Structures are given as C-alpha cells and as structure tokens.
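Asks: In case it's useful when we look at the structure, here is the feature table from Swiss-Prot:
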{"type": "BINDING", "residues": "Tyr37, Tyr175, Gln179", "note": "L-tyrosine binding site"}
{"type": "MOTIF", "residues": "42-51", "note": "motif ''HIGH' region'"}
{"type": "MOD_RES", "residues": "Lys144", "note": "N6-acetyllysine"}
{"type": "MOTIF", "residues": "235-239", "note": "motif ''KMSKS' region'"}
{"type": "BINDING", "residues": "Lys238", "note": "ATP binding site"}
{"type": "DOMAIN", "residues": "357-414", "note": "domain 'S4 RNA-binding'"}
Amino acid sequence: MASSNLIKQLQERGLVAQVTDEEALAERLAQGPIALYCGFDPTADSLHLGHLVPLLCLKRFQQAGHKPVALVGGATGLIGDPSFKAAERKLNTEETVQEWVDKIRKQVAPFLDFDCGENSAIAANNYDWFGNMNVLTFLRDIGKHFSVNQMINKEAVKQRLNREDEGMSITEFSYNLQQGYDWTCLNTHYYVELQIGGSDQRWNITSEIDLTRRLHQNHVLGLPDPLITNGDGTKFGKTEGGAVWLDPKKTSPYKFYQFWINTADADVYRFLKFFTFMSIEEINALEEEDKNSGKAPRAQYVLAEQVTRLVHGEEGLQAAKRITECLFSGSLSALSEADFEQLAQDGVPMVEMEKGADLMQALVDSELQPSRGQARKTIASNAITINGEKQSDPEYFFKEEDRLFGRFTLLRRGKKNYCLICWK
C-alpha cells in the first residue's frame, strides 16, 4: 500500500470516519514517512475484536513505510475512560493493571515489525511519564490548558452528567487530561504527528491535538476509525457468550473461526475490507464470483481463514479448520488432545461426569434430552452417536475406549446438537 495514496485506500475500505485536517494530512504524507500512534487501555486481560481495526490500521501504515507506536495505557488504565459509559468503571489494582499491560503488549507484538530499520514499531507505556508525576505538576502543567466549560459540553461527558442516577467523579473527569498529555509526550520523544483510534475517541483526540499545539506549537492530526456495527445495527464483536477475545485462552481459535464463518451475507464483503489485507479488486472479484456461482458464498470462509491466520497464526487456523471438518463429517480420528481442549473451552456445550455413567444419564446431564425416558426413545431411534459412531442400545454404559485421550467423549444428537463429556 503506497504511502502517497494511503488515505484514499483507507477511505475506499471504509476505514476513515473523519480526518481532523485532511488537506494537511495529505500534504504531510506527501513529504515522507510519519510517526503515528494508537492507544490500548488495559481494561481487561486481553484485547477483543473491537481493537482489531485500529491495530490493523497501524500495520497498514507500517507496510506503507510509516512508524507505528503502540501505546498501552498503564496509567490511563488505572483511571478508566468515561466516554459514553453509562456508569463509572471499577478501579483495578496497580498489580492487576500491570499484569494486563504485559499481556496486551504481547498480543500487539505479532501484528507489527519491531526490527525493520527506520520504521520499526515502538511499544510505549504512559505509566512511564505519569508514574512519578505529582498532582501539582499535573494541575499546573496540564490542567491549566483545559477548559472545564468546554469539557462538560462534550457529548461523551454530557450524557453522564445528565443522568440523575450516575454522575462523574473527578478521577474519570481527569482521563481526558491524561490522554491529552500522552500525545504531547509521544510527540516529544518519538515525533508522533498522527493518532488513529475509534470514532468514540474523537473528543479525546481533539483534546490531545489542542494540548500539543499549546505546549509545543506543533500541528498534529487525528484519524478516527469508524465504529463497526453489523448490518442490522447491532454491536459488532459480541456473541451470546460475550466479547470475542484475541487471547486464545479466552476465545479459542475454533470459536474465533466460527464467529467469522457465521458472518451475515450483508456484512461479509464489508468486513473483508476492514479486517483483511486483500485488495479491493480481489474482494470485488470474490463478491462477483459468489453472486454468479449459484452456491453458498465462499466469502465467509475466506474471511474466517484470513482473520484467524492474522490473529492465531497458521497453526491456530489449521486447528480451527480441522475441528470444523471433523464435527461436520462426524469422524474424530484427526483431532488432537489440544483440539478437544478447545472444544471443552468454548467450542460445544460441555458437561463433567464421573466414570461409570450410562448413556441415558449422560444425555440428561448434558441437556441433550430432558429425561431418561425421552433419552431411551431417542437412543432407540438411532439418533445418538458416541465419538461419531451410532449407538442404539438404551442400556449402554461407557467403555474405556469411549474416553478419547482418557478424558473426552463427544455426544451428538441428530446432525448438529453436540455435547462434550469431560471425565473426572
């Protein structure tokens, strides 16, 4: 992606919500490489899908020759961003936040190149400049440049202040000042001139631009990404089980892959532009192919492969595809113990059982059947498989060979209703 038309290409992909000064940004990019940053607050022990668009934007800029700075908010994470939040965030301990900072830095690292010469990525932590700052310095050097009148009129704050049941503490109110100072420090240390981030960060971005101008007389620029939603208007990146995380221990690669496989037809080509590095021409060609094939679209599988490989690597992708194929075919011989652990984590419903249980009890405990009587009828009708093999004996007791790797037995009722028994 050439630097000269980078912004145009991002706009074509729908990745630009607004540019604070589009003409100035175009002129600056025409002059040569720029340093830019995106902040990631440690509000949990993992990033989630909502962080993926700005993270991939950093990668897109680096591929075009620019220098990305990934800022993890070790200090701002101790405060919490109040923007558009209905209630105040729970304050976490310093030890917890530091642990989350370390995890998030490790998650960010594979997406960027930290050893590629002049545009090598930088990992920064705003605790480095806030950790030893005293309150007098904060108020005199930073606070005096912010107008309370302007701050309370920002929509992100106004929504909270207008609620009778939930106000805003001074702690949260100071978040905007902290984030404003981040850019000033990054501008000083790394000559950062551009910030990218979610469109819900516009208020914070404009405050940072203003503070950097006041303190250093430097003109810096903001490039907010759009808020990603599904075609039906619902929030993107959520499932019935909650957020889709980038940490494989919180959302398994199989579950992650399935999330993308289940993308609606109305969203899939848009998401290919947001979350992959396929060219617009390739995406348009795929859309045309799907339209004329007379078959189920291929786009969801392309999207799932591309994004799962980006986040979990080739090994994670192959495991996800292997599990998917085995569940579809009913043959489990290719599954490894680690694959079964993914299924136990979040792939299919799971129940723990003591050895010695019979099949009818397993169907009831797993909620595949409501009662032993109904379980008996279902087994007799040849609708139950154990590890892919039909079982029609209602009096069947599990054998040692049914316990794969000594730990797992996969039950299926009909074609799609699974439960994994984890033996105690």
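Each residue, glycine too, has its Cβ placed from N, Cα and C.
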Asks: For a quick check of understanding: among the recorded positions Lys144, Lys238, which residue's Cβ has the most other Cβ atoms within 10 Å?
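Replies: Per the Cβ count, the most surrounded site is Lys238.
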Asks: For a quick check of understanding: among the binding-site residues Tyr37, Tyr175, which residue's Cβ has the most other Cβ atoms within 10 Å?
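Replies: For the binding-site residues Tyr37, Tyr175, the Cβ with the most other Cβ atoms within 10 Å is Tyr37.
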Asks: Would you mind listing, in sequence order, the residues at least six apart from Gln179 (L-tyrosine binding site) in the same chain with a Cβ closer than 8 Å to its Cβ?
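Replies: Result: Gly39, Thr76, Asp81, Asn204, Ser207, Glu208.
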Asks: Sequence order is fine: just name those binding-site residues in Tyr37, Tyr175, Lys238 with a Cα within 10 angstroms of Lys144 (N6-acetyllysine).
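Replies: Near Lys144 (N6-acetyllysine), where near means Cα within 10 Å, there are no binding-site residues at all.
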Asks: What's the CA-CA gap between Tyr175 (L-tyrosine binding site) and Lys238 (ATP binding site) in angstrom, rounded?
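Replies: For Tyr175 (L-tyrosine binding site) versus Lys238 (ATP binding site), the Cα atoms are 26 Å apart.
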Asks: On the 0 to 100 pLDDT scale, where does the domain 'S4 RNA-binding' (357-414) sit on average?
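Replies: Over the domain 'S4 RNA-binding' (357-414), the predicted model scores a mean pLDDT of 97.
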Asks: Would you measure the largest Cα separation among Tyr37, Tyr175, Gln179 for the L-tyrosine site and round it to whole Å?
Replies: 18
